[in-house]
């Protein structure tokens with residue numbers, strides 16, 4: 001049976017064949033990941049909303065002035081008008097008591113309400129809504145009702161854990177004279193049902209009306225086969241990792257080895273709804289949900305009367321207005337595959353983020369250009385007392401015959417060592433170099449250099465992903481190399497099996513090949529280990545740090561894990577220089 005589960009997991013990861021049902025929670029979820037209690041506010045796993053930003057792994061509220069200025073006016077429940085939806089949501093994020101009311105200006109009589117009718121308790125019943133510009137209340141259509149809408153409705157009613165996935169509302173025969181109902185569509189993370197899109201539909205009777213049971217902690221005890229959400233809610237383990245946000249805080253979809261049902265599995269271990277694939281919006285932080293899409297699917301709907309604005313479309317529009325950093329995209333793509341140990345030289349343009357750190361003796365280490373005037377490298381490469389002696393050389397592919405017309409030489413203004421760098425253990429082996437600006441210039445000019453992106457999440461790349469290491473290091477016979485070389489290596493899971501307690505999993509990364517045929521070596525230190533996401537955007541995943549017996553089996557190279565230092569880097573260089581997305 002275990003072999004069967006392993007085979008199914010292989011199909012899910014490599015062939016996206018994930019239409020199976022798992023019998024054990026261990027088959028589905030990563031325990032180490034679950035222990036970190038990720039939710040929809042964990043930017044290691046998900047993108048923050050446009051009115052939030054990522055700080056130390058958590059989506060926190062922006063201030064309203066940090067939102068894009070373009071947009072349509074909206075009204076909040078306190079009758080205050082806001083120039084944009086983003087500004088209203090930003091203030092709501094800071095002060096949760098005030099919610100979205102309607103798109104457009106505020107009116108004295110405008111009111112939105114949600115209530116549950118014909119239930120035995122205040123936590124269950126048929127869902128009835130009064131829209132702002134409608135005179136009467138209407139029931140919600142059952143045909144459009146899902147856990148997304150149910151969770152939002154219950155949250156709007158004050159049930160913080162959303163809807164109950166186990167209990168069902170038993171509806172007896174009712175005499176309701178209504179020929180219409182409201183079709184509602186939510187994304188599932190709205191804080192009020194007013195943010196969802198409503199259209200009017202015809203109905204045949206009360207059987208067509210949506211009902212819900214909201215989750216009440218006192219009414220539920222753990223099941224034998226339960227999954228506990230981060231918010232304290234219990235759901236069946238069979239509802240975890242299926243692409244449906246049953247928990248309401250998304251914690252059941254963020255630590256998944258594979259996906260059940262129709263869920264789409266992101267490499268970062270997140271399950272998203274299958275309809276999010278190829279919908280024009282990147283939902284996987286690794287981007288693969290929008291790769292290979294011929295076009296966006298259009299949905300044909302029956303003739304309806306649209307009653308409210310599409311605020312999810314407005315959210316996407318605001319997201320498109322956020323500044324995006326240009327990094328990690330080369331002007332030319334390499335097509336050859338060479339080894340850094342025993343390989344041939346790189347071509348001009350293959351590695352536009354690679355720099356050489358030179359002192360009086362020659363190239364001592366490599367470095368990575370990350371934008372502005374900033375170079376990322378290894379702390380062990382540098383000495384504070386030699387700051388004025390270092391030079392940064394860019395566009396160097398041949399150290400013996402340098403192309404001086406193309407090479408740009410910059411001098412070092414200052415070096416920032418990680419405050420917890422340990423020269424004995426190589427912990428926190430990372431440093432920043434700020435290059436001097438020429439004259440009165442505001443920035444450094446490196447016309448042929450392209451910055452590598454700085455990763456914000458440790459889940460962007462996984463063991464067995466293929467990445468590239470580069471440098472001017474020695475070959476395995478200790479022979480000096482004078483041309484820039486690069487080679488492909490695979491990320492290797494926890495290297496404690498090779499290096500024991502000298503390997504610190506949180507701040508170190510392992511990469512190489514099990515036969516040692518490709519490796520970084522002496523002289524490559526400080527240089528880049530770069531990985532490309534599904535859209536061929538390059539991230540500096542590691543900084544060459546240390547290793548033993550380069551090019552020998554069972555001695556993979558050890559790198560400083562850059563994602564662990566995103567906040568440290570952004571603190572020193574400024575977040576706009578390294579934040580590719582809204583993070």
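FYI, residue positions are counted from 1 along the chain as it appears here.
Every residue, even glycine, has its Cβ placed from backbone N, Cα and C.
The signal peptide annotation in Swiss-Prot covers 1-18. As annotated by Swiss-Prot, disulfide bond applies to 33-255, 43-54, 48-59, 61-93, 67-86, 75-106, 141-181, 154-214, 186-196, 266-284, 373-444, 495-510 (among others), with the evidence given as experimental evidence. Residues annotated as domain 'LDL-receptor class A 1' in Swiss-Prot, with sequence analysis given as evidence: 213-257. Positions annotated as Ca(2+) 1 binding site by Swiss-Prot, on the basis of experimental evidence: 239, 242, 244, 246, 252, 253. Feature annotation from Swiss-Prot assigns Ca(2+) 2 binding site to 276, 279, 281, 283, 289, 290. Residues annotated as domain 'Peptidase S1' in Swiss-Prot: 340-574.
Distribution of Swiss-Prot features across the structure.
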residue : record                : DSSP class
48      : disulfide bond        : coil
93      : disulfide bond        : helix
141     : disulfide bond        : strand
154     : disulfide bond        : helix
181     : disulfide bond        : strand
196     : disulfide bond        : coil
281     : Ca(2+) 2 binding site : coil
289     : Ca(2+) 2 binding site : helix
444     : disulfide bond        : coil
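Secondary structure at residue 252 (Ca(2+) 1 binding site), as computed by DSSP, is helix. In this structure the C-alpha atoms belonging to residue 252 (Ca(2+) 1 binding site) and residue 93 (disulfide bond) are separated by 23 Å. Residue 67 (disulfide bond) and residue 246 (Ca(2+) 1 binding site) have their C-alpha atoms 30 Å apart, to the nearest angstrom.
Confidence across the domain 'LDL-receptor class A 1' (213-257), taken as the mean pLDDT and rounded to a whole number, stands at 89. Other C-beta atoms found within 10 angstroms of the C-beta of residue 67 (disulfide bond) number 24, with every protein chain shown included. Listed recorded positions: 61, 244. The one with the lowest count of other Cβ atoms within 10 Å of its Cβ is 61.
On a Cα basis, residue 444 (disulfide bond) lies 34 Å away from residue 284 (disulfide bond). In this structure, the CA atom of residue 444 (disulfide bond) is 34 Å away from the CA atom of residue 281 (Ca(2+) 2 binding site).
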